[in-house]
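Swiss-Prot annotations:
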type: ZN_FING; residues: 35-56; note: zinc finger
type: BINDING; residues: Cys35, Cys38, Cys53, Cys56; note: Zn(2+) binding site
Amino acid sequence: MAAAKGKKGAKAPSTKKSDYYKVEGNSVTRTKKACPKCGAGVFMAEHLNRYACGKCGFLEYKKNEKTEEQE
(Lines of atoms letter the chains of each structure in order from A; the text may use other names.)
(Lines give C-alpha, C1' and ligand atoms only; values in the text may rest on other atoms or scores of the structure.)
Protein backbone atom coordinates (compact mmCIF):
# COMPACT_ATOMS: atom_id res chain seq x y z
CA MET A 1 0.00 0.00 0.00
CA ALA A 2 1.09 3.55 -0.64
CA ALA A 3 2.18 5.63 2.29
CA ALA A 4 -0.14 8.43 3.37
CA LYS A 5 0.98 11.83 2.22
CA GLY A 6 1.91 14.34 4.86
CA LYS A 7 0.39 17.73 5.32
CA LYS A 8 1.54 20.28 2.76
CA GLY A 9 2.50 23.88 3.57
CA ALA A 10 0.14 26.20 5.35
CA LYS A 11 -2.41 28.12 3.31
CA ALA A 12 -2.11 31.86 2.93
CA PRO A 13 -4.65 33.83 4.95
CA SER A 14 -7.69 34.84 2.93
CA THR A 15 -8.55 38.48 2.40
CA LYS A 16 -11.23 40.15 4.44
CA LYS A 17 -14.02 41.05 2.02
CA SER A 18 -15.35 43.60 4.50
CA ASP A 19 -12.27 45.78 3.87
CA TYR A 20 -13.41 46.33 0.27
CA TYR A 21 -16.72 47.98 1.24
CA LYS A 22 -17.64 51.00 3.34
CA VAL A 23 -21.04 51.33 5.03
CA GLU A 24 -22.45 54.82 5.56
CA GLY A 25 -25.98 54.91 6.91
CA ASN A 26 -28.11 52.79 4.58
CA SER A 27 -25.70 52.86 1.63
CA VAL A 28 -22.77 50.62 0.81
CA THR A 29 -19.89 51.86 -1.36
CA ARG A 30 -16.88 50.04 -2.78
CA THR A 31 -13.48 51.29 -1.57
CA LYS A 32 -11.45 49.67 -4.36
CA LYS A 33 -11.80 50.03 -8.13
CA ALA A 34 -13.56 47.21 -10.03
CA CYS A 35 -12.03 45.60 -13.13
CA PRO A 36 -13.78 46.79 -16.31
CA LYS A 37 -13.12 43.48 -18.12
CA CYS A 38 -14.05 41.03 -15.33
CA GLY A 39 -17.00 42.92 -13.89
CA ALA A 40 -18.15 44.33 -10.59
CA GLY A 41 -17.12 41.36 -8.42
CA VAL A 42 -13.38 41.57 -9.13
CA PHE A 43 -11.38 44.33 -7.49
CA MET A 44 -8.15 45.81 -8.83
CA ALA A 45 -4.96 46.14 -6.79
CA GLU A 46 -3.72 49.69 -6.34
CA HIS A 47 0.00 50.15 -6.95
CA LEU A 48 2.10 53.31 -6.95
CA ASN A 49 1.45 54.24 -10.59
CA ARG A 50 -1.16 51.75 -11.81
CA TYR A 51 -4.19 49.59 -11.05
CA ALA A 52 -3.86 45.86 -11.79
CA CYS A 53 -6.40 43.03 -11.99
CA GLY A 54 -5.16 39.77 -10.48
CA LYS A 55 -7.66 37.67 -12.40
CA CYS A 56 -7.24 38.77 -16.04
CA GLY A 57 -4.04 40.86 -15.84
CA PHE A 58 -5.66 44.10 -17.02
CA LEU A 59 -3.53 47.20 -16.28
CA GLU A 60 -4.70 50.78 -16.01
CA TYR A 61 -2.09 53.45 -15.41
CA LYS A 62 -2.79 56.36 -13.11
CA LYS A 63 -2.53 59.84 -14.52
CA ASN A 64 0.55 61.52 -13.12
CA GLU A 65 -0.24 65.12 -12.16
CA LYS A 66 3.43 66.14 -12.15
CA THR A 67 4.05 65.19 -15.78
CA GLU A 68 0.83 66.83 -16.96
CA GLU A 69 1.76 70.15 -15.30
CA GLN A 70 5.20 70.21 -16.93
CA GLU A 71 3.86 69.78 -20.48
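Glycine is treated like the rest: Cβ placed from N, Cα and C.
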Find, for the listed binding-site residues Cys35, Cys38, Cys53, Cys56, the residue with the lowest Cβ contact count at a 10 Å cut-off, counting only other Cβ atoms.
Cys56
Where Cys53 (Zn(2+) binding site) sits in the secondary structure, as DSSP reduces it to three classes
strand
Check Cys35 (Zn(2+) binding site) against DSSP and tell me helix, strand or coil, would you?
strand
Beyond Cys35, Cys38, Cys53, Cys56, what residues of that chain have CB atoms within 8 A of the centre of the Zn(2+) site's CB atoms?
Pro36, Lys37, Gly39, Val42, Met44, Gly54, Lys55, Gly57, Phe58
Let me know the model's mean pLDDT on the zinc finger (35-56).
94
